[in-house]
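**Q** Just dropping this structure here.
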Amino acid sequence: MNLLSNFLVPAGNLIMFAIGGVLIFLAIKKQYEPMLLLPIGFGAILTNIPGSSAIGEHGVLTILYEAGIANELFPALIFIGIGAMIDFGPLLQKPVMFFYGAAAQLGIFLTIIVAALLGFDIKEAISIGIIGTADGPTSIYVASRLAIHMLGPISVAAYSYMALVPVVQPPIIKLLTTKEERRIRMDNRTEKVPKYVRILFPILVTLLAGIIAPVSVALIGMLMFGNLIRESGVLNKLSNAAQNELSNIITLFLGIAIGSTMTASAFLNQSTLLILLMGLVAFILDTMGGILFAKTFNLFRKQKINPMIGAAGISAFPMSARVVHRMGLEEDPNNFLIMYATGANVAGQIGSVLAGSIVLALFL
Amino acid sequence: MSEAVSKSIMIFLEGYPTTFLATIAFFIMIKLLMKSASRRNGE
């Protein structure tokens with residue numbers, strides 16, 4: 001075998017090395033979702049080395065891909081960790097925030113239409129629209145079921161825009177709200193949530209969501225299982241393991257296995273650019289949906305709710321809640337929106353999984 | 001209109017309201033839970 005010929009790396013592969021490098025740069029230098037973008041970037045480099053032993057029948061990345069992505073195992077397991085990390089207390093105290101979490105899923109549905117209008121088939125359009133869940137595991141879960149060939153760009157778009165929430169959301173919030181609206185103060189009185197309510201909540205949500213859309217059980221069920229472990233109070237070791245070891249290990253495998261799908265032939269095409277653009281459109285429409293719902297809702301309420309909170313209804317947790325809270329403080333240093341924004345944000349976590357499942361249920 | 005576009009519109013018209021309906025069910029569920037909790041506290 002002439003090893004000298006290995007120096008002739010095709011141009012497409014070289015471009016993929018550069019893209020992998022950019023993802024690693026963004027992860028390290030800009031700290032954009034480093035836990036995912038760094039493994040994805042390195043996975044892309046490993047995959048595009050001509051003749052790479054990391055992919056193929058006995059390749060470690062292909063084995064990981066078959067073991068956890070092709071069968072949708074990794075996204076479901078990640079949800080156990082996410083569920084164990086989330087405190088649903090703010091939502092239980094302000095259940096009206098559930099509506100905000102639903103409203104901000106508008107981007108999913110509208111982006112599916114836009115993607116279909118751009119010529120994607122319905123499976124691809126759904127997978128692209130699901131980027132609007134602002135929820136990486138759900139995006140991966142749906143894409144791996146419907147459009148596995150788009151998994152790379154969809155994952156990159158989903159995680160990149162989640163990291164860019166502090167850049168994407170503020171201009172839209174400012175555009176759609178008046179200064180007066182942004183200064184609406186919220187009543188921050190809290191009420192204690194009893195332990196039995198915290199324990200019943202994940203069980204009842206699973207049952208309700210499962211009855212409405214049985215296809216949601218894999219994701220909502222795992223999310224709520226993680227939360228039940230957390231709230232039970234008797235499984236602290238398991239809760240910590242789910243939040244840390246399980247979550248970290250699966251994230252590591254998930255990222256590098258996604259990177260293995262980013263071959264030059266699959267990634268370097270016009271669709272990838274459109275997917276990245278549509279992902280941004282989905283996030284913008286989600287934010288608009290949440291704010292416009294909040295403004296409409298206020299028309300019927302005596303006690304107005306700060307409409308910026310609507311923007312926190314997307315599932316990008318906890319970035320979106322922090323953005324809204326910070327913007328509230330900028331307008332009025334005594335306006336603390338964090339509890340409502342967190343309530344909307346965790347509602348968005350449930351809403352996004354539910355919306356993704358409903359879309360799947362309508363299609364399958 | 002292509003089949004994909006008509007299907008995507010159908011998904012929007014059916015899916016978005018269903019997401020809201022599910023939310024109403026969650027809302028009622030939490031309200032009932034919290035009401036029972038405050039009643040217990042009051043006893």
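Every residue number used here counts from 1 along the chain in the order it is shown.
Glycine residues also receive a Cβ, built from the backbone N, Cα and C atoms like all the rest.
The transmembrane segment annotation in TrEMBL covers A:7-28, A:34-51, A:63-86, A:98-120, A:140-161, A:199-225, A:246-267, A:273-293, A:337-363.
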**Q** For the transmembrane segment (A:34-51), what are the same-chain contacts with Cβ under 8 Å, counting residues 6+ beyond its ends?
**A** 6, 9-10, 12-13, 16-17, 19-24, 26-28, 61, 136, 152, 155-156, 159-160, 163, 248, 251-252, 254-264, 267
**Q** Going along the chain, which residues at least six beyond the ends of the transmembrane segment (A:273-293) come within the CB cut-off of under 8 Å?
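**A** Non-local partners: 99-100, 103-108, 110-111, 114-115, 118, 120, 128-129, 131-132, 134, 150, 153-154, 156-158, 160-161, 164-165, 168-169, 172-173, 176-177, 307-308, 310-314, 344.
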**Q** Take the C-beta pairs under 8 A between the transmembrane segment (A:246-267) and each of A:140-161, A:199-225, A:337-363. Which stretch has the highest count?
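**A** Comparing A:140-161, A:199-225, A:337-363: A:140-161 has the most Cβ pairs near the transmembrane segment (A:246-267).
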**Q** Any contact between the transmembrane segment (A:199-225) and the transmembrane segment (A:98-120)? By contact I mean 3+ C-beta pairs closer than 8 Å, pairs at least 6 apart along the chain.
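**A** Counting Cβ pairs under 8 Å (6 or more apart in sequence), the transmembrane segment (A:199-225) does not reach the transmembrane segment (A:98-120), since there are fewer than 3.
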**Q** Between the transmembrane segment (A:140-161) and the stretches A:7-28, A:63-86, A:337-363, work out which stretch tops the count of Cβ pairs under 8 Å.
**A** A:63-86
